[in-house]
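Participant: My structure is below; once you've seen it, I'll send some questions.
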């Protein structure tokens, strides 16, 4: 029997968090090996474990997969979370890219220089409220199902829930005008595997704090 997937990243959300979410939603147990120093990262590189000398990297089914989208696609396909046909997969990909844009826009605020933070925060709030959330509210209304694509859970439902929780952390009032998204958040959060991942003590990571930012900058040699 194959062992658990092993996730290589630092002990924070970053680009690995959506992978953690997807594995958890699929009911897959996984291990994590945290990068805590530049030496940890260099060892992975020198041992030939990182195809492009970067993380995230996931060991799964005898492979060492790099690149977030490739990892997500493999997990979604393996655990039947990638739609039933090409049209559904195209919608899943399109929606996922928009969700990724929103996730990165919010996530990068913590790294923003102080003199730019106010302007970028205002821009992020504007785009969240007037571009991204209305788009997904419209999808839920027009599709008329419990899920974004088709009539069963797919990876994009998990990605959307994740970013809705980030939006809630960022500014909970941004969700107020979107009743279908609020209902979606409650519905997907209640799924057994997701509910378990949302409980204290899971491998879900909290928002990055100043200490984690400093550790990440050190590990990745970011000035």
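From the backbone N, Cα and C atoms, a Cβ is placed for every residue, glycine too.
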Participant: Write down the one residue from 45, 46 that Swiss-Prot lists together with 9, 54, 55, 67, 68 as binding glutathione.
Facilitator: 45
Participant: Which residue counts does DSSP give the domain 'GST N-terminal' (3-83) for helix, strand and coil?
Facilitator: 32 helix, 16 strand, 33 coil
Participant: Among 9, 45, 54, 55, 67, 68, listed as contacts of glutathione, what is the widest Cα spread in Å, to the nearest whole number?
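Facilitator: It comes out at 17 Å between the most distant Cα atoms.
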Participant: Between residue 55 (glutathione binding site) and residue 4 (N6-succinyllysine), how far is it from one CA atom to the other, in Å?
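Facilitator: Checking the Cα atoms of residue 55 (glutathione binding site) and residue 4 (N6-succinyllysine) gives a distance of 18 Å.
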Participant: Please report how many Å separate the Cα atom of residue 67 (glutathione binding site) from that of residue 4 (N6-succinyllysine), as a whole number.
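Facilitator: So the alpha carbons of residue 67 (glutathione binding site) and residue 4 (N6-succinyllysine) sit roughly 19 Å from each other.
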Participant: How does the domain 'GST C-terminal' (85-208) divide up by DSSP, counting helix, then strand, then coil residues?
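Facilitator: Secondary-structure breakdown of the domain 'GST C-terminal' (85-208): 94 helix, 0 strand, 30 coil.
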